Amino acid sequence: MKEVLIPDRKESTILFSERRIFLPIQNPELYSPNLISTCKYNAITFIPKNLFIQFQKLANIYFLLVAVLQAIPEISNSDGIPNILLPLSLVLTVSAVRDAVEDRKRRKSDLEENSRSTLKMTPTGWQKTLWQSIQVGDVVKILKDEYFPADLIFLASSDPKGTSYIETKNIDGETNLKQKVAEKATQNWFTNQYRGQRLDCEIRCEEPNSVIYQFSGLLRMENITIPLSLQQFLIRGSSLKNTNWVIGLVVYTGHESKIMLNSVNTKSKFSTIEKKMNKQIVIIFLLQIIICVFCGFFYMAWFNKNKSSTENYLMLESSDTNLLSQFTLSFFTWMLNFTNFVPISLLVTLEMVKFSQGLLIVWDLKMYYEPSDTSAKVQSCSLNEELGQINYIFSDKTGTLTCNIMEFRKLTVDGEIFGTDQRMPEGKKIENIDFVDPRFSPYRFPEFIMHLACCHSILTEVSEEGIEYRASSPDELALVSAANHFGISFIGRDSDQNIELIHQGNTVLVKLLNTIEFTSERRRMTVVVRLPDKKIKVMCKGADSVILQRIRPSNIERITREHLEIFAKEGLRTLVLAEKEISEEYYAEWNERFILALRDIQKRNELIYQLGEEIEKDLDLIGATAIEDKLQDHVPETIKELKEAGIKLWVLTGDKIETAVNIGFSCSLLTEYMTLLEVSSIHKKDIMREIENAISNNSINKALVISGDAVLKALYGDSVKRFIKLTDVCQVILACRVSPQQKAQLVELIRDYKPEVRTLSIGDGANDVNMITAAHVGIGISGLEGQQAARASDYSISQFCYLKRLLFVHGRECYRRNSILICYNFYKNVLLVLPLLFFGTEAAFSGQLIYNTWTYQLFNVTYAALPIVLYAIFDREMDLDKLDYSHYDIGAKDKLFSTVIFWKWVLEGTLQAYIICFICLYGICYTTGHSETGRIDSLWVSSCLMYGMVVILVNVKILLFSYAYYWFNVSLIVASIFFYFFSTQILDTSLPIADWLDNFDMRGSVDQMARNPNTYIIILLITYMSFFVQPLYNVLRSLLRMKYPNSSFVSDRSYSGHRVNS
């Protein structure tokens, strides 16, 4: 009887159009070349392409338009010189250098990849060929430990059985080897007959697609049609292990290979603070336009009133006296003056800071897990502050809260439970087994043990220590280990895919006829086998909710159900075993349809699913197993602190309700003080009744336990809002028997109906990826189920307990520092720009720029740039080890960044700008007479002092809201202030650079400022008055709090300009 295998359906089946390849290939250019290019630029395109990408950012476009306006003499505030191009160029250069470095890494990686070599069959034999020269239809030979150069159809192996072992670590992160099996026809032909002759064959397969765990096709050669599945598919980027060589036929190359089709950019996520910041930027820009319109109208009114006296003074042409013309010129002049109202360096600063904060997360040794040599990883540092604002956590259970190391503990067979609560002695303990019961005799239950030994997908590997099992599922490893412990040892599969067993010292061969793999949809696995006594049996194992509805009524069914509930209450994972014997005639007819299904590329998986449904019924109950999965270290303490922080916890698991509830109590998710509310009915009417009863329950501490079936019905129709209402009154939600799709739907449900909250999802397996990507922040656990979750996440950690430090320390501090960083950037720019507006009231709103144009444009990239960066990276409110759940609410409740807080910063900058402007004007400019030349030279002395006070205040401000004072940070603040006076001193001289910058107006101003005694009094006065704002605000807040105690405007932490006393 011909043996067949089907594709591994780890993902939902997707239908693709068909590709047909006829060998020999006539037009190789129709297919993608195998040359890989992931770099964005080359030497010619770098500058234009990089500039094009950077000018897709609105901020850069805005400042480029400002440069254009500065070049128009009539409105320019810089004598027609677009000097904003200097800071803009610095910003663009920083981004371009970063892009160039990243692209160089990609180019180097591409070169290494394309320059690898492999053996390709030519008319003269096997010859070394570069990967980039491989084409569709080539026959290649890969040696041990080499990587596959393209997606291949597996034709033959050095192993006579046609097997090979593949490591897919580079693709899915899994280190366990996967076995691939060549079809017997191709194995025999390519090892015995093939000598490089031209191949005349046809391949029918799916069009190139990104689904890693799906492949179906047909190979027609020498009048034979051979079904192809994932077992005969070798993916580019995986490597050959424990096999001397394999021969493969190239089907997908280059950017059409599956690994490259998966190399797409994930959807960008933005933190809540960034979204709020962008809104404030828009409002600030609109405010800027309003101010400029206001100034334009006032100047137009002044000009109209004083038109006759100004025509000669300003030497105006008749066309220049038009009021609309004057308004337009004035408006754009003020737009140029207000250029810095929107901080040019904010986005680059924020990007640099977040990248550095991400490095600190990676380098944190307190999140390093030594047993697996794994540290935290950051895939999306743009969400650092979002970690400090989490309101909801959605967590997987197995492998996330637990170790995912399964131990066989108990079983039920023939209505009797075997296995005690005792533990095996340490010296006698067997890996994956902790079963103690002297009453159990393997000889009584041979069918049960045979089922454990045959119904699985485990591979074997021979090592110096003996046979090692390679399992994709820890559950299967525990079950096969139990069969071995009970006397039937699985030792592998032979060349005909017979299952080789050792029983009582004798080799037993069980013919594997068909396999229908386990999937998250089916929740069961089935094998059809021919036993040594020639009987054909269908063996099926899976979740009790699936298997028990497929068995024939029996006396032990009720007892087994009771036993399953007992196991679940003990927190054990259960699987039910069932089987039946079928006749030769029925099997022959069924298998014929199975083979036809394998040949149907488009509907293969759908047809096999239907055939499984047909054969997996009227089964006889064999028994059930109970496996223990221990909690990870410190999980109960972590969950307790997360709840204390006010975070709502949802645990989403595929376990049955009783198992999940027991685990919930053991990990402190559930407590004895909670009222447990259960929604687990099947019919929607009953579900709605249970939801309403749960909502009306008057208990204070509630926990909801809901089944997957109930979730399915609660997520649709008019029941959604009531379900949301129920979750609002529950502290903890435990969703059981939920599918991967339902996990993601629950996350999206909360995001859709509660847009004000921030969600976090954490999981370790491929079935958690949808949930992880659906949340605001996704956390992957680097666990035993591979790295799919970790790679799809924004951050990855190796243990659940590290989540506490990630949120309470890094998240909380990033939120605090980044909130102040953003507000501070707007504050310092308001402080810089608004003196121009206040001076405008003294200058008829003419738009006269009181600052030196060069120093004005360099403000954000020289005098007020680096100190805030160091603050945002290194400042600590307190010892990091003291940061716990009690300090987390500042982010979760948005206490440091809101519209009110943002505009308080702006208001403070406005008041200080007013103080600076008029004290400098009345203290210097209006107290000094005309010079011998008739100039009021003291105007530029006032200008130097005014700008200097802005530089002093914005730098001293950092000292006021800092908690940690490092020598390098304080030194940089002092250096920034000193650099301003040093640079103005240079401009004040007759050096060539001053002439080149056309700085004649300010010449001599610094010397006059230094010799004027009012200067030093003004510096002290402005500094005192500016920072008197805060204590004055505190007094007013205290008074207001007495009258309005519940107002958020006067809460203890509502003003983010200074320290937060937690």
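Please read every residue number as a count from 1 along the shown chain.
Cβ from N, Cα, C; glycine included.
The ATP site in TrEMBL is built from D396, K397, T398, E476, F518, R573, T653, G654, D655, R737, K743, N767, D768 plus one of K541, K684, K685, K713, namely K541.
Of the given residue ranges 51-75, 826-850, TrEMBL assigns the label transmembrane segment to 826-850. Counting same-chain residues at least six beyond the ends of the transmembrane segment (905-924), those with a Cβ under 8 angstroms from any Cβ of the stretch are 823-824, 826-835, 838-839, 842, 938, 941-942, 945-946, 949-950, 953, 1009, 1012, 1014-1015, 1017-1018, 1021-1022, 1025-1026, 1029-1030, 1056-1057. Looking at which of 281-303, 323-350, 826-850, 856-874, 939-956 has the most CB pairs under 8 Å to the transmembrane segment (963-982), the answer is the stretch 856-874.
Residues D396, K397, T398, E476, F518, K541, R573, T653, G654, D655, R737, K743, N767, D768 are listed as the ATP binders, and the farthest two of them sit 24 Å apart at their Cα atoms.
Within 10 Å (C-alpha to C-alpha) of D764 (Mg(2+) binding site) lie the following recorded positions from D396, F518, R573: D396. Taking only the Cα positions, the spacing between G654 (ATP binding site) and T398 (Mg(2+) binding site) is 9 angstrom. Of the candidate ranges 281-303, 323-350, 939-956, 323-350 contributes the most Cβ pairs within a distance under 8 Å of the transmembrane segment (856-874). A C-beta separation below 8 Å, combined with a sequence spacing of at least six in one chain, links D396 (active site, 4-aspartylphosphate intermediate) to V651, L652, T653, K743, I762, G763, D764, G765, N767, D768, M771.
Long-range contacts of the transmembrane segment (281-303) within the same chain, counting only residues at least 6 positions beyond its ends with a Cβ under 8 Å from a Cβ of the stretch, are 59, 62, 310, 323, 326-328, 330-332, 334-335, 338, 341-342, 826, 837, 840, 844-847. A straight line from the CA of R573 (ATP binding site) to the CA of T398 (Mg(2+) binding site) spans 10 Å. Straight-line distance linking the Cα atoms of T398 (Mg(2+) binding site) and R737 (ATP binding site), rounded to a whole number, equals 12 Å.
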